[in-house]
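Q: My questions all concern the structure below.
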Amino acid sequence: MSFSSKVVLVLADYYASLFSVALLIGIISVISAKFIPELNGLLKYGKTLDVGSVTKWKWLYVPKSWFLHFYILDFTWALIGLLLVGVNSSRSSIILIFNFLQSLRRIYECAYVSKFAEYSKIHLSHYLAGIVFYTIANLQVIVPHIFTNVPGDSETVVPQWSLFLASSLFIMGTIDQFFNHCHLANLKKYTAPSFGLFRYVVCAHYFDEILIYLAEYVILQDSTSFLIILWVIVNLGASACETRKFYMEKRSIVGPFIMIPLVW
């Protein structure tokens, strides 16, 4: 048996475990970077990143505008998945539709809304983590259709209450995040945001992201989708702490909560 055939068999039998391990490594890495002082710099990007550190280790950083690559990848995987799975009421199809719509919006925002400064950077590890995340977010529902016997649509159909709740969360998160990103793009350099939910939450756009992936968990309700929402909370939570610290150092007036209204 060839090496490639062995890889295919391993993926077929253990894809969920492989995805879970990758997500756990990502979560543990972010937590480690948060609590180990020497690694704190890995959590900083954009306005929270010390430009001097980029000069010292320039090869370890890539332009923040490369965020666009995440959404192009997300769009590509979602489109491939929809061509394979089809547009229907199955769990897999709903997730891929969510990812497809989310990626289209984010591509538009990166191209026409967000303003990326030339000196705005992200760490290479952050960039690679994003590539892994958006790949898993789609492959979690694509791989079963490739390697296993997936039940028909009647057996994997999404219950009405789940679809209603998930769609509501997704729509709310999507619309609010779009307006929040437009607000952030129109702010004076490094001014604290004050539109809508930003009056109460420092990183309201991160809360929107949580709603979007919570919607996907409502649809799937499995270990991989749980680890995905946990990754989102941990990763964005660490970034939100850095953002709040940045605004506090600038003596800016920010909301009482860091990322989740009435909670944290």
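Along the chain as shown, residues are numbered 1 onward.
Placement of Cβ uses the backbone N, Cα and C atoms for every residue, glycine included.
In case it helps, TrEMBL gives these features for our protein:
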type: TRANSMEM; residues: 12-36; note: transmembrane segment
type: TRANSMEM; residues: 66-87; note: transmembrane segment
type: TRANSMEM; residues: 124-147; note: transmembrane segment
type: DOMAIN; residues: 129-250; note: domain '3-oxo-5-alpha-steroid 4-dehydrogenase C-terminal'
type: TRANSMEM; residues: 159-179; note: transmembrane segment
type: TRANSMEM; residues: 200-219; note: transmembrane segment
type: TRANSMEM; residues: 225-241; note: transmembrane segment
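So that I understand the layout, could you describe where these features sit and how close they are to other parts?
A: Long-range Cβ contacts of the transmembrane segment (66-87) within its own chain (Cβ-Cβ under 8 Å, at least 6 residues beyond either end) map to 93, 96-97, 99-100, 102-104, 106-107, 110-111, 122, 127, 130-131, 133-135, 137-139, 141-142, 145-146.
Outside the transmembrane segment (124-147), and at least 6 residues removed from its termini, the chain residues within Cβ reach (under 8 Å) are 8, 11-12, 15-16, 19, 22-23, 26, 29, 42, 45, 60-62, 66-67, 69-71, 73-74, 77-78, 80-81, 84-85, 91-92, 95-96, 99, 216, 220, 224-225, 228, 231, 235.
Here the transmembrane segment (159-179) has Cβ contacts under 8 Å with residues 89, 94, 98, 101-102, 105, 109, 195-197, 204-205, 208-212, 214-216, 218-219 of the same chain, all six or more residues outside its ends.
Proximity of distant same-chain residues to the transmembrane segment (200-219), defined by a Cβ-Cβ separation under 8 Å and at least 6 residues beyond the stretch ends, is recorded for 91, 94-95, 98, 102, 137, 158, 162-163, 165-170, 172-174, 176-177, 180-181, 184, 193, 225-226, 228-229, 232-233, 236-237, 239-240, 243-244, 247, 254-261.
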Q: Let me spell it out: take the transmembrane segment (225-241), skip the flanking residues so only those 6+ beyond its ends count, and list any with a Cβ under 8 Å from a Cβ in it.
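A: Counting only partners 6 or more residues beyond its ends, the transmembrane segment (225-241) has Cβ contacts under 8 Å with 19-20, 23-24, 26-27, 30-31, 33-34, 43, 45, 48, 129, 133, 136-137, 140, 202-203, 206, 209-210, 213-214, 216-217, 219, 258-259, 264.
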Q: For the domain '3-oxo-5-alpha-steroid 4-dehydrogenase C-terminal' (129-250), report the average pLDDT of the model, please.
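A: Residues in the domain '3-oxo-5-alpha-steroid 4-dehydrogenase C-terminal' (129-250) carry a mean pLDDT of 89 in this prediction.
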Q: Using DSSP, what is the helix/strand/coil residue split across the domain '3-oxo-5-alpha-steroid 4-dehydrogenase C-terminal' (129-250)?
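A: Here the numbers are 97 helix, 2 strand, 23 coil.
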